[in-house]
């Protein structure tokens, strides 16, 4: 029994020992794992930070090929760095849009991307995130220079992109810069070489490439074009070509826009390598956001301003943007609507403003809850104005792409919005067809004419009160016609179908201003029609014009090879026909009248016209030579035609033509022009002042009397001969001194006559007083007291002497000799009463007897009365 019990005890001890061994082994494994982990953590802490970052970058790069765009819903689903994800979360960017889902993965893999999506779909983040990740992968620093270049077409869009970049990339160590026009160039050039991510406009970037010596882009890694179709078109063609030449060929390129370009020529300029085309909404039913309600109205040109005012009065709590065709329209209508006070804030944004003013207007409109912004197409692309309710296109857009970008300022990122397009009857058919081809749903709506407010009379009153506002209205009129004429699609835009007189009245003008380029266009069209009707007559005219080419010049023939040249007419006939077709304004009639005053002036104008006709403009451009008051189309010289005589054929064929050209190129100086005017005996800028009696008081400029001046007027030599001018001035100075001397003598003569009259009156008064003298022997009461006011005023004659001293010393001596006054001292004081002598006396010498009786000029009774008064006062 004992053994059995002992055996059972031994069997119980063995499992307990095994359990203890197992627990020890488990503890040992746990301890070893813990020590291994601590050892690894210690090693990681000992490793430099850059090495840890590089390993993390390596893990991110390994995940790039595994990106599946269909599975991504958030930014955290992309293999992005912690710094980028933190910036996105802090800026409240969590969910991705369709364009971001499909382009970020391709850009992270280093491919060239052409992305197109609807307006307000988040294209800015689609290129900012890959740009940040690229520089983070390369561990870029400020010492490495420029790594990413973002080019925007407008300053406002560049500023908006810069703000988004600052939000998302604030946790990174890169430096970002904004380079746009309107800022201090010197300050920008001092900082530009430290910038890693540069956001700019094309013009200012090219200026820095030309003028900033230490700015270079040889290490550029990524080029991004925002609104690429606008940057690559004709407006920026030369600038972009120059910029691309300075960029390295080996780089990544991203192009984004709402209306993307597929031109092979444009893409070849950018040196794209196997680009990925991402058209997110290519298969969508409409090319505009589904939340956008789009309508159009048909309105006559003269009623458009009334419709706009009535619309704003009925939408006082809405935020609206009104697009115009030109800057002059925005400037004028902004001023007028500020005076009309529609009931909500009115702002203006156009290209003629200073940069700080543009930024102020942009930020002000962003903050306003209810306002209206008058803008040109600089606000049509990319700008993200929050909570815009209405987009009104006051002037018809150039094409469907411009329409899409304009209406894209509302209905941003799943928000609602409304768009209204104002069309003329001549524009309706062609524009609606274009929009239908681009899958833009537009519905026509009607206006209730009873709710339209007529503001034409109020505008006329404003123009009558303000001359500057009237000039702005005239510029607005001409600028609108020019913008319509320059449109490419002539099926939609026909300037000759516009009611010009009615449109001028709607702007507040009494009559339509003179539009010179339109008159010239109409003349050319009439000549063309007559030549098509009578081809035989046209050939005869061509022969006549060819025979007179030595006088007229050959450049116009090269521009118009069809031979349809205008018929030569005299200046008077042209002006007469122009006035019959278009009644000019008062200013125009004055100009035409002054042009035809003399035969010589008309000949000079014909010469100038011949010179201007040799300038190689195209037909559409040469009509703007006379209109220099509006510079909306100052960059149109891109379309000039340049021809060179390589083999010197023209000089051999027409030596007489070359001789005439050399004569015509001789420039007349301003001095010669002024002398020509003087020869015609025009009195320029003369001002003559007459008295009430008709006598000449003053003439300006004064007439030169010397013979040298008259001889110089007849001299045709250019420039100024200083020696001759000095001689003329000396001669003229003699005449001036003589004239001045005569004036002084006349002034002194008048003064002497006045003094004689005063002395004569004093003598007569003394003579009358002698017959009524009464002697006062004693002081008797207040009634018989001496009145000092009866004495003559001594200061009267003293002041006259002081005035004589100030006039001139010579005249003072002359008056002293003739007046002969006596000055005596009595009791150490100067006598208070000085009176002019009754007769002329000789000069007193200094050795004269001081005890001679003093002649005060008073009667005997007055002298006695004065003595008694003085004695009483001493006692």
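From the backbone N, Cα and C atoms, a Cβ is placed for every residue, glycine too.
What Swiss-Prot records for 73-101 is motif 'Q motif'. Here Swiss-Prot flags 93, 94, 95, 100, 117, 118, 119, 120, 121, 122, 123, 124 as ATP binding site. The feature domain 'Helicase ATP-binding' is assigned by Swiss-Prot to 104-278, with sequence analysis given as support. According to Swiss-Prot, the feature motif 'DEAD box' maps to 226-229. Residues annotated as domain 'Helicase C-terminal' in Swiss-Prot: 291-453. For 528-633, 653-672, 743-856, the entry in Swiss-Prot reads region 'Disordered'. Look at Swiss-Prot and you will find 529-541, 569-580, 752-771, 810-819 tagged as compositional bias 'Basic and acidic residues'. The feature compositional bias 'Acidic residues' is assigned by Swiss-Prot to 624-633, 800-809.
Structure coloured by features recorded in Swiss-Prot.
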residue: 93; record: ATP binding site; contacts (Cβ under 8 Å, 6+ apart): 75, 125, 168
residue: 95; record: ATP binding site; contacts (Cβ under 8 Å, 6+ apart): 73, 74, 75
residue: 117; record: ATP binding site; contacts (Cβ under 8 Å, 6+ apart): 97, 98, 99, 123, 258, 280, 281
residue: 119; record: ATP binding site; contacts (Cβ under 8 Å, 6+ apart): 258, 288, 289, 404, 405, 407, 408, 409, 411, 412
residue: 121; record: ATP binding site; contacts (Cβ under 8 Å, 6+ apart): 97, 98, 99, 280, 413
* How does the model score the domain 'Helicase ATP-binding' (104-278) in terms of mean pLDDT? -> 89
* Could you give me the DSSP helix, strand and coil counts for the motif 'Q motif' (73-101)? => 16 helix, 2 strand, 11 coil
* Structure fact -> Neighbouring CB atoms within 10 angstroms of the CB of residue 123 (ATP binding site), all protein chains considered, total 25
* Structure fact -> For ATP, with binding residues 93, 94, 95, 100, 117, 118, 119, 120, 121, 122, 123, 124 per the record, max Cα distance (Å, no decimals) returned as 20
